[in-house]
Amino acid sequence: MLLSTQSIPIKKSVDDIWPVAGKRVLIRVDFNVPTSSGGIDDDFRIRSAIPTIRRIVDQGGICILISHLGRPTGVDYDTAHAEQEKRQTPVQLPNSRGKTAFFSGLRGDAKATILAWSSQREKAATLSNPYGSGKTAVFARLPEEEKRRLLLRFMSEHKEELFPQLGSAGYEKEFSLEPVAVKLAELLDQHVYFGHDCLGAQADIAKLRCGEVMLLENLRFYTNENSSDERKRMLMARILASYADVYINDAFGTAHRDSASLTGIPRVLQQGAAGYLMEKEISYFSKVLNNPPRPLLAIIGGAKLSDKMQVLENLLDCVDSLFIGGGLAYTFLRSQGYSIGTSHFEEAFVPFAQALPLAGSGRQVRVVLPEDHVCHAHTRPAEAPLTTTSANIPDGYAGLDIGPLTIQSITHLVRQCSSVIWNGPLGMFEMPYYAFGTFSIARVVSQSSAAKGTTSIVGGGDTASAMMKSGEAAHISHISTGGNASLELLEGKVLAAVAVLDNKE
């Protein structure tokens, strides 16, 4: 019973690309972290990227990080570039007074840079103090053509400094990665530079020295990142690739996507390696899906059956037992004639839910459903919920968590097996009344891993968050950073961003 993950060749990793000293190493990370009020709510994904970043820094590489955050509206690069061209018109000022006024608004160090290019002897005395006075007066006395030449040169070589507003194409404050840069600096215990425009960072990157780190602004501020138009994606990929001597993908959470930063850059550079996190993710999933210690139990929860159908079908070819919980269980219970009250179910998939347990039986896979429920007439109750004594849910009530009988059954399954895959919470764990089931199973899986070495993989953003909140994460073999990426692996698919990386020789 094997899945197609077995066919993934072993990829080059961080340790296969030495030496990196003095090289610009572009690392695609997954810093798509939950935020609120400008703060980081959960830094798990940031911490997961530290080993790769630290290795490059310690070896003297120049570390350039790129990521997305959330779903900003974004702008097209060509549109943004055209707007930038319009904003450059101030250098075409018609008279000396206009050019001088423009010069007077620049910073002291920028003025010093411009005057240093001048052929006029009298400007030299003003350069001893880059923040001193007198530079504007010197500039005002320069010949008109000299002023024009100097401003055009500064415009060309210091575009980001001259027009800082050009670095905000597509900018939305709530999706900015700048707070992530602050958190990363804290975790690395070193300064992290921030590039305000991911497609206009050439000048900033050129200033970086060996061992330094820069995080660029949100890739999705440009719609090119995930554009359906390959030409637009590759335009962005070529710009990003121009920053790099070496490309590393350490963003497992987005490895299922065909986007500029994930598949485009390695195609442009014709090289790419897996970061330590990516390598670890692929290794664990490949092991547990293709050659796991047996018996193997899969616990699949979540809200909708339609999101997990292919996963469930594929797992029948690899697991020994399959527990189906969370919101998707109610369609299965409905298909078997149980009363589910007002619990959400998907009528269109009732035939699938009827057929899956039979298919499992034919493959010697035990398919297990909830035996009882914690439920309520409202999804946000002020009083204690009702716990049923059977799989039936009373009219007017909705199931929001598994009950004690179900917890006992899953506990028995976990203690019997040698490997566990868990994807999807088993209840509305964000609310205290409905967290007990999910947290109880987290405790059982953790204890089994600690006591008898059970291989345990927890995948999916909500499941990883639940595991962290339960306080039981320490003994889990692997908590995946991937949501849809881990689902696609469970479905037996090869991830697009992994396929384009170099195979290990």
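Cβ atoms here come from the backbone N, Cα and C positions, even for glycine.
If you take the C-beta of Arg220 ((2R)-3-phosphoglycerate binding site) and look for same-chain residues 6 or more apart in sequence within under 8 angstroms, you find His68, Leu69, Gly70, Arg71, Pro72, Gly74, Gly170, Phe175, Asn226. Annotation source Swiss-Prot lists (2R)-3-phosphoglycerate binding site at Val29, Asp30, Phe31, Asn32, Arg45, Ser67, His68, Gly70, Arg71, Leu219, Arg220, His256, Arg257, Lys304, citing similarity to another entry.
Long-range C-beta contacts of Leu426 (CDP binding site), restricted to its own chain and to partners at least six residues apart, with a cutoff below 8 Å, comprise Ile299, Gly301, Gly325, Gly326, Asp401, Ile402, Gly437, Thr438, Ile441. The DSSP secondary structure for Leu426 (CDP binding site) is coil. According to Swiss-Prot, the feature CDP binding site maps to Gly302, Asp307, Gly326, Gly424, Leu426, Phe429.
Under the heading ADP binding site, Swiss-Prot lists Gly302, Ala303, Lys308, Gly326, Gly399, Asn423, Phe429, Glu430, Asp462, Thr463.
If you look up Swiss-Prot, you'll see Ala303, Lys308, Gly327, Gly399, Glu430, Asp462, Thr463 marked as ATP binding site. The number of other CB atoms found within 10 A of the CB of Asp462 (ADP binding site), across every protein chain shown, is 18.
When secondary structure is read from DSSP and collapsed to three states, Asp462 (ADP binding site) falls in the helix class. As annotated by Swiss-Prot, Mg(2+) binding site applies to Ala303, Asp307, Asp462, with the evidence given as similarity to another entry.
For Ala303 (ATP binding site), other Cβ atoms within 10 Å of its Cβ number 15. What Swiss-Prot lists as AMP binding site is Ala303, Lys304, Lys308, Gly327, Gly399, Glu430, and the listing cites similarity to another entry.
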Expressed in Å to no decimal places, the gap between the Cα atoms of Gly302 (CDP binding site) and Gly327 (ATP binding site) is 6
Maximum Cα-Cα separation (Å), residues Ala303, Lys304, Lys308, Gly327, Gly399, Glu430 listed as binding AMP: 21
Widest Cα pair spacing in Å over the listed (2R)-3-phosphoglycerate contacts Val29, Asp30, Phe31, Asn32, Arg45, Ser67, His68, Gly70, Arg71, Leu219, Arg220, His256, Arg257, Lys304 is 30
For Val29 ((2R)-3-phosphoglycerate binding site), which of the binding-site residues Lys304, Gly327, Gly424, Phe429, Thr463 has the nearest Cα in space? Thr463
Would you mind pulling the DSSP three-state label for Gly399 (ADP binding site)? strand
